[in-house]
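J.: Let me give you the structure first, and then I'll get to my questions.
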Amino acid sequence: MKIVRYIALFGILSGLAVACTPSTSVIPNDAIRLNQLGYYPNQEKIAVVDSGKVEEFVIWDAVSGEQVFVGKSLYTAKSAWSDKTRTTLDFSAVTTPGKYILKVNGASVTFLIKDSVLSPLADAALKSFYYQRTAMPIEEQYAGQWHRMAGHPDNHVLIHPSAASPDRPAGTIVSSSKGWYDAGDYNKYIVNSGYSIGLMQSIYQLFLDYFSRQKINIPESNNHTPDLLDEMQFNLDWMLTMQDPEDGGVYHKLTTPFFEGFVKPVDCKQQRYVVQKSVTAALDFAAVMAQSSRLFASYEEDYPGFSKRALLAAEKAYAWAEKHPEAYYNQNLLNQKYQPAIATGEYGDTHADDEFFWAASELYFSTGKEIYREEAIKKAPQIYTAPGWGNTFALGIFAWLQPGRELNEADRRFADSLKTELLKYADKVIEGAEQTPFHAPYGNDAKDFFWGCLAEKCMNQGVSLMYAYLQTGKDVYLTNAYRNMDYILGRNATGFCYVTGLGTKSPKHPHHRLSASDDIEDPIPGFLVGGPNPGQQDGAFYPTASPDESYVDTEDSYASNEVAINWNAALVALASSLDALAVYSVK
């Protein structure tokens, strides 16, 4: 990365009108890339200009018209793959809440400085799960123009031949209602559901005060339970129906044989099935049910008996997984043996040590049983990796590193070893971030861009850095977590705020059947799209092959413009954490 440094000059001007240096090169307004939602007063404030010919910039108060700041460019950096040179501007010295205008080289853009600036994002990201609910009408009083009729009651689901057992032979009718649509499609998947809830509930435990005050206008908002847990409960109820009551195994997914077209849920016609039980489904189920048993114990008034039921289900699922440690879900093999063939999302995984570690850890903290502690230590990771549905080691680590958790001496030593690996990861991630084209840990390697990268790499990297901050109190980790958030909100190569319904330039045509079929021009808000993907597996027309610009805002681009619950779980996790840390102390 070629870096040309300039001496930074910052000054607050008191009543003086200082003229801007004549433009070196006139640029369009959209060449200025910044966080389109705004900044907290004491947050680092960075903008990037899509030009290498910038020297001076000015900040004006948009209300009074007064010039409040003038600065020199911080540095220029050249992209490793697109050959573009960009300039970084730092205006962190501006801290007074208000609306401002940044002017540079003939271009200008407005931005906000305000308290709780990420609250609308955190709320919208969590509210997206309400829009994904199945089997119930999405009502106008909660959804506004995006209200719709109920679809997929799932009270007439068939046991697929791959899932048949003596007590439930193929063709048996079961009821498996509620739950969330997984992504742009209309199916429901245990692996992704378990991971998504596990990540969000891990964050919930860090900021109890924050989540107790959050209201997102869902049907349960007036009960005694925080809205986040209410929303999780809607999917947890469905997950419980996916457990075979006889042996404790968990069906991998509830699905149609093929993806439905872009039609309203109420117009879908395909028969739905539960398919093969899998070890990863059982363990993700066990982990999240054990975790939920602790969290919902305080809310018996709203959800009587759930905590006990969840823990019993968790232990039963874990026992099944121990008996079937190699029961991996392989859709190709399944289709060679059974009909109808299944062609929907696979969520295949041929390694279950991470799921065993996470499930055993959660069960240990929920039951105190030594056997689960021993299993967790036996399956513990040697290095830290950011969380993802295909690698849940981090969720187990988060359980061990929960602030305020009382651990005995041996457990503390084990937790400290996990903390060491987390910090090694965090230090590597932030190395050199302040010299990159977009002044962020994410986005500086072509390998950062792939299917779902904005959540699975950018957001989950940010979540990991936030945990590193909580473990150490070192601001450098938190600053870099904010930088990754700035990236998805506009400080990036395309200039998109990658969350629907937010910012000044956001996706209008996500690969999302609910949005595409509702006859409403604007997409349902609050969804993080997958992001730039040079793999371009969908065959859509992309304007460039450059890794960080390989994005197209079209409905057919499932490789770059789809939405998914696990991606939004990552958005909920980081947006809520950063907002909570700016407002509330950790409880």
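Cβ from N, Cα, C; glycine included.
For reference, Swiss-Prot lists these features for the protein:
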type: ACT_SITE; residues: ASP185; note: active site, nucleophile
type: ACT_SITE; residues: HIS511; note: active site
type: ACT_SITE; residues: ASP553; note: active site
type: ACT_SITE; residues: GLU562; note: active site, proton donor
type: LIPID; residues: CYS20; note: S-diacylglycerol cysteine
type: LIPID; residues: CYS20; note: N-palmitoyl cysteine
type: SIGNAL; residues: 1-19; note: signal peptide
J.: To the nearest whole angstrom, what is the C-alpha distance linking HIS511 (active site) and the residue listed as 'active site, nucleophile'?
T.: 9
J.: Can you tell me how far the Cα of ASP185 (active site, nucleophile) sits from the Cα of ASP553 (active site), in Å?
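T.: A Cα-Cα distance of 18 Å.
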J.: Non-local Cβ contacts of GLU562 (active site, proton donor) (under 8 Å, 6 or more apart, same chain)?
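T.: Residues satisfying the criterion: ALA183, GLY184, PRO510, HIS511, HIS512, VAL529, GLY530.
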J.: Give the sequence-ordered list of residues that share a chain with ASP553 (active site), lie 6 or more positions from it, and have CB atoms under 8 Å from its CB.
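T.: Expected: PHE496, PRO507, LYS508, HIS509, PRO510, ASN561.
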J.: Three-state secondary structure of HIS511 (active site) from DSSP?
T.: strand
J.: What three-state secondary structure does DSSP assign to ASP553 (active site)?
T.: coil
J.: Secondary structure at GLU562 (active site, proton donor) (DSSP, helix/strand/coil)?
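T.: SS state of GLU562 (active site, proton donor) = strand.
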J.: Enter the number of other CB atoms within 10 angstroms of the CB of HIS511 (active site).
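T.: A count of 26.
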J.: I'd like the number of other C-beta atoms within 10 A of the C-beta of the residue listed as 'active site, nucleophile', please.
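T.: Within a 10 Å radius of the Cβ of the residue listed as 'active site, nucleophile' lie 21 other Cβ atoms.
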